[in-house]
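Feature annotations, courtesy of TrEMBL:
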- His2: Ni(2+) binding site (BINDING)
- Cys73, Cys75, Cys96, Cys99: Zn(2+) binding site (BINDING)
- 123-140: compositional bias 'Basic and acidic residues' (COMPBIAS)
- 117-140: region 'Disordered' (REGION)
Amino acid sequence: MHEISIANGILSRAVDAANEHGADRIDALTIEIGRATHVNPEQVVFCLEAIADSTPAAEATIRTETIQPRAECDCGWEGTPESLDLPGGFAPNIRCPDCGQRADLVRGRECRLASIEVPDASPEDKPPARRADEVRGSPS
Ligand SMILES: [Zn+2]
């Protein structure tokens, strides 16, 4: 089970990102999990919820997106590697159906934070208080 370490990494990335935005709370976060990782998305979410307690992500809605695997070959072929569906397979040997060479998995191993949603903290979006003061303070 390495879901817990994945969850740890994603959480710290999310908290860093929230800090960069000056947000002290994360409303939602989205995780991309490639199908070729054989990581269980539900486990990652479960771990995240467990460790997010007392962090800015404690109340966050956690979404996962599955990334379909994609392979490419030097001959120009690209497609979805079928060998991924073999039981227990980590797709170590993807064969190009065109030329029979070994193809590279170019997508599907992701396991990362895709995005976070934080409360909008930009001052432009909070006009009422200041504008009211200006009106009140202006000479008539
Ligand atoms: Zn090929």
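Placement of Cβ uses the backbone N, Cα and C atoms for every residue, glycine included.
Bear in mind that the values here come from a model prediction, so they are computed numbers and not experimental data.
Feature annotations (TrEMBL) mapped to structure.
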residue : record              : DSSP (3 states)
His2    : Ni(2+) binding site : coil
Cys73   : Zn(2+) binding site : coil
Cys96   : Zn(2+) binding site : coil
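Of the listed binding-site residues Cys73, Cys75, Cys96, the Cβ environment within 10 Å is emptiest of other Cβ atoms at Cys75.
Around the residue listed as 'Ni(2+) binding site', the C-beta neighbours below 8 angstroms that are at least 6 residues distant in the chain are Val39.
Listed binding-site residues: His2, Cys75, Cys96, Cys99. Those with a CB atom under 6 Å from ligand 1: Cys75, Cys96, Cys99.
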